[in-house]
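Lifted from TrEMBL, the feature list:
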REGION    1-23  region 'Disordered'
COMPBIAS  1-19  compositional bias 'Basic and acidic residues'
DOMAIN    127-285  domain 'NACHT'
REGION    464-483  region 'Disordered'
REPEAT    654-695  repeat 'WD'
REPEAT    696-737  repeat 'WD'
REPEAT    738-779  repeat 'WD'
REPEAT    824-865  repeat 'WD'
REPEAT    866-901  repeat 'WD'
REPEAT    991-1032  repeat 'WD'
REPEAT    1033-1074  repeat 'WD'
REPEAT    1173-1206  repeat 'WD'
Amino acid sequence: MNKHPLDQLDATIPDKEDTNTTQLSLRKRNKVRKVFGTPKSLGRIKTNSCLLKYRLPIPESSPIRAKFQDTSYMEYELYNLRMQRLKDAKLSIYISPMAKANLQAHDNEVFPLMDKLQEFLESDRQVMLILGDSGAGKSTFNKHLEHRLWTEYRRGGPIPLFINLPALDRPNKTLVAEQLREHNFSEEQIQELKQHRQFIVICDGYDESQLTVNLHRSNNFNTSGQWKVKLVISCRSQYLGQDYYDRFVPSGGSHYNHPSVDLFQEAVIAPFLKEQIREYVEQYVPLDSRAWRTEDYMDKLMTIPNLMDLVKNPFLLSLALEALPGVIEGKQDLSTIRITRAQLYDTFVEHWSNVNKRRLQDNTLSMAHRIVFNELLDMGFVSKSIDYSTRLAKAIFEQQDGNPIVQYVHEKTSWEAQFFSDDAKVRLLRDSSPLTRTGNLHRFLHHSMLEYFFSRAIFDPNSHGGDDKSTPRTNPDLPDDQKVDTNSPLFTRNLLGEPSVIQFLSDRLKESTSIWFRRYLLAVIDLSKSDAQARQAAVNAITILVRAGVRFNGADLRGVRIPGADLTGGQFDSAQLQDADLTGVNLAKAWIRQVDLSRACMDGAQFGELPYLEEHVEVRTCAFSPDGKYLATGLDNGDINIYDTATWTRIQVFQGHQGRVRSLVYSPTSQQLLSGSTDKTARLWNSETGSTELILEGHSGEVRAVAFSPTGQQVATASDDTSVRLWDAQTGATVFVLTDNVDKVTSIAYSPKGNTIASTGWDKTVRIFNTLTGLLVLESCKGDDWIKCLTYSLDGQRIATGSSVGQLQLWEVTATTLEHGREWVAHTSVVAEVTFSPNDRWIASSSFDHTVKLWESHSGALISSFVSHMDYVSCIRFSPNSPYIASASYDRTLRLWEVNSLTTGFDSHDTTYPQLCATYSPDGQQLITGSRHASTRQFNADSGDVDFVFPDHLHNTYCIAFSPDSLQVAICSNDEVTLWCVESRAASFVISGHESGVKSVAFSPCGRWLASGGFDWKVRLWDTRSGLASHILIGHKGIIQSVAFSPDGRWIASVCMNGTIRLWEVGTGELKADNKVNIGWIRENVVAYKPGCSQVVSCHGDGSIRLWDDDQQLQGFRYILQQDEKSYRFAFSSCGQWVATTHNTTVRLWRLPTQDQDHQTSSLQDQDCVSVIEGFTRAVGDVVWRPNKLEFATASYEGSIRAWRVVEDTNGSGKVCVRLLWSSGPATLATSGAILHDTVGLSPVNRKLLEQRGAISVTD
């Protein structure tokens, strides 16, 4: 009889092995032995000298091989251990996991994890780290690995040892010995094994044990007289944070205290592929008593939105399969179901309890247990079972600080007794809860179960219901029976150290029944205004709300006490924070535009960056001195400015170059500065005096890169003339001219020892030269794209390069090899610079896509993106002795970023794809946006939630239009127009005809016709019913930038790049009129019809808006608006009284005269602008008004989509302000209009930063 899958969750591995997993074959064993060294043969141990004889003599019933064959007592003991471990290792379902090289790697760049593990066992490496999300299958793989190794174990071979780290008391010192004691080995046996045998130690649950030590180093593994060990360690990715490398890398050779990267390896368990999900379901179905088939499950998994993404996690997949029948019960339209991670756990736990309730009902119970069980049934068995687990989780955190394993030794007075005693009620509830037991050790099925139940101790989803999607209300009131519970962990524990718990609670806020919990958290925040004891709860509450994406735009937060809260990326537009306690809060990347911070306490507040340094020309490069005291900047005009890093003030200017400065580097002593310029020279400067000591001449092209050798005795220069020159730093004499490069050399770097120098450039190749001989020693294969930059790691074993297409590449370097390492897409444009941090743990990159990014150097995980620059970021440098990164940009600034204020996992995804266009549905309920490189998306116009993501091929979308009946959407992607059916969510037609890309599109008022304007200078008219072409309108002499139908549908207005407006008759396709606006070449030209009339309106980028006469001749016009700023796009509100115009990184709002005033007033001027919206870091590509509302949306090249509301003062003053409703895309610090009046504790540096971003310091 098959067991139910619930009964198999804590089992291990089946005897039948997965055919997709590479076997650890016996023929490989000699290679494994080679790593450890040849073991001493135990030989035949005489009975009278055997250490084991007094402990365990061979019994008469012993196995034949132990009694009669040449088998040692030790092997006999290992045989017993092997049999026991293989007996325990049974799994009903096992899918061989795939892995990827690092966290940043794409999920389709995977390999079998077992293959990687076998490579590790065959190599000289000593530690392998297996990372993965909670529920990714780390423990399952570890048990599978143990089973494989024991299955293939042969006498004298390496001994597999599975260790559950949380179960051990002292894993940091006696890891192997303590585990062997758990298996009842004596001290004499342990010492014998230590001296003569090798182990493959599999350490499971590093994160659950709450360790921070390096187990390899603290146990002195593989050193003289110590254990000979290959160490496999598994850990949750989110537990480690940004800086985990030192916890796992072993020490190497004689340099015992120095980490050795070549002895370390890691892999990241990848999410399940669709094929693996199906394979899991196929194995699950025979074990499930329900009548569902594989196709039934797969159909539901693929139909319910976002569920397939959720169940790529194996543990969540197991929960989903248990939960699905209950989730869909009574539901007709599965596409409307929204499931969160927390809801999966809810359904699974309830199902688990019901299964065990039925089991107890069917079992024979003693009279006493039956009476108690009936009482539990009367009280609600399922709810009591869940309550038991919730109380246990709370106790584990309170009594054991979250250590997941509980040891109960039958002490009736201990806290454990209420959960593990023999009391009938306790036992019934314990046996029906998702717990496992090994001897007297108890734990939840999975660590995430502990965190889930602990989150329920803070909020029980079954206690409250409702629906709420509004912005937080001020002063929320709760009924008397729902007042805050000050004994809740929300009040007693700092949850910022429990990211998974915060994630579960954040999930609750995304559910449709979140109204009470949201109000509860807001009430807690409000309580902190009057009750100081509510501070910790308020910190937790607002952190949870911000992490869930709850917006505090316009919220009344006056006087709140939230010291230390993590508000990273939070939205607080126009919020009131007067008198608030913001001590130590993390406001990195927070949107605090127009926030009132009067009298707020901001001592120790973090903003993620320092004030930027502003230059008067483009900044091409920068360099820190090795002592960290100075920062040099190379400018477009040839100057070099020197800043004191203690005050960030300019203290010197070096002048002498006749062209822009392309590269800078200090000498190792900080006493000299080397610069390279487009004037074809390099200069060596005295850092103290600023005088030129040497001018290095000889290049026939621009000097693009310079470098100092580690000894300071030699310098190098690289040039457009394809050469690299090595110079004597004392005399300026040429030492070598390296001419092996065949194109422009863009970057050079000395190795840390200085004996080699690497170069790269337009010839797409990395070359390494010997600096003592000038000879080429290593050369990479030619790549597909030219390389802009390279750098050596501190240990000299890796080189990082950045390419012209935005890729980062790591290379493994030895004396004789240069091999490809990890590679990933890092930016959407050229990688301008790449550099390792001083400790090699991070890589920073800068790009022409205006961003700076920070990566974990070994995993490739994205730590953070910085998006405040407004132009190409040409250079990036780490400070040598402080937690700062400096970035230089063509926007004439040098920005300083604080690395230590970053929040783990906050922005581990890349969202910087330019947003090109947006359009509202006619009913105003949806907003659809188009992007470059990313898919088209549909947002809920009220909440900002993404309701739908269009297929991947619908990207590079320059324009979108809704049909008037909202049934169709025209999406212009590349050179095609897709007519998309809103109801069926499928393409009705794909229209092809334009010879290149489509730039503009519009529906006729009746919806029958669609006009499109292309890069091929043509306007085309299409029948939306058939998708066939009607007319081709020819005559323009440039890209068609905008098309619009007249309100009566008779005319099409179009405008092209050269400023010519044409008016066409729809019925015949004939040209009715044209007019060219001669104002020079401007980026954007736009045409539209003014709401409420049949007059054409045009904007030609000069900042003016023209209203053409109502005679369909395009002969006369008058100005509606004239301003000094160049504009790119404009849009009318539905009522026709408001106009929004975009100007690079700002949006301006204008109020037009009423119809009665229209002909009596002159055009609007700059001073008539009623509001200016700042905070964008790249151009605003589009602006659109929401129908019949004073709301509009913006799409920006920085990657953001934002919705705004126009608010008029109700007191008759006519004052207008614009408030943010919601924002999607990369977070960035925005402070324009923030009020700093008597703000307490705000450091001068932070005050300057906020003022630079537009904050206003008010003095009495």
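Cβ atoms here come from the backbone N, Cα and C positions, even for glycine.
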Secondary structure composition of the repeat 'WD' (866-901) [DSSP: H/G/I, E/B, coil]: 3 helix, 19 strand, 14 coil
Tally of DSSP helical, extended and coil residues in the repeat 'WD' (824-865): 0 helix, 23 strand, 19 coil
Distant-in-sequence neighbours of the repeat 'WD' (696-737), which means Cβ under 8 A and at least six residues beyond its ends: 659, 662-669, 672, 674-684, 743-750, 752-754, 757, 759, 761, 769, 771, 774
Arithmetic mean of per-residue pLDDT over the repeat 'WD' (738-779): 95
The repeat 'WD' (654-695): DSSP-derived helix, strand, coil residue counts: 0 helix, 22 strand, 20 coil
DSSP residue counts for the repeat 'WD' (738-779), split into helix, strand and coil: 0 helix, 22 strand, 20 coil
Structural state census, the repeat 'WD' (991-1032) (DSSP three-state): 0 helix, 23 strand, 19 coil
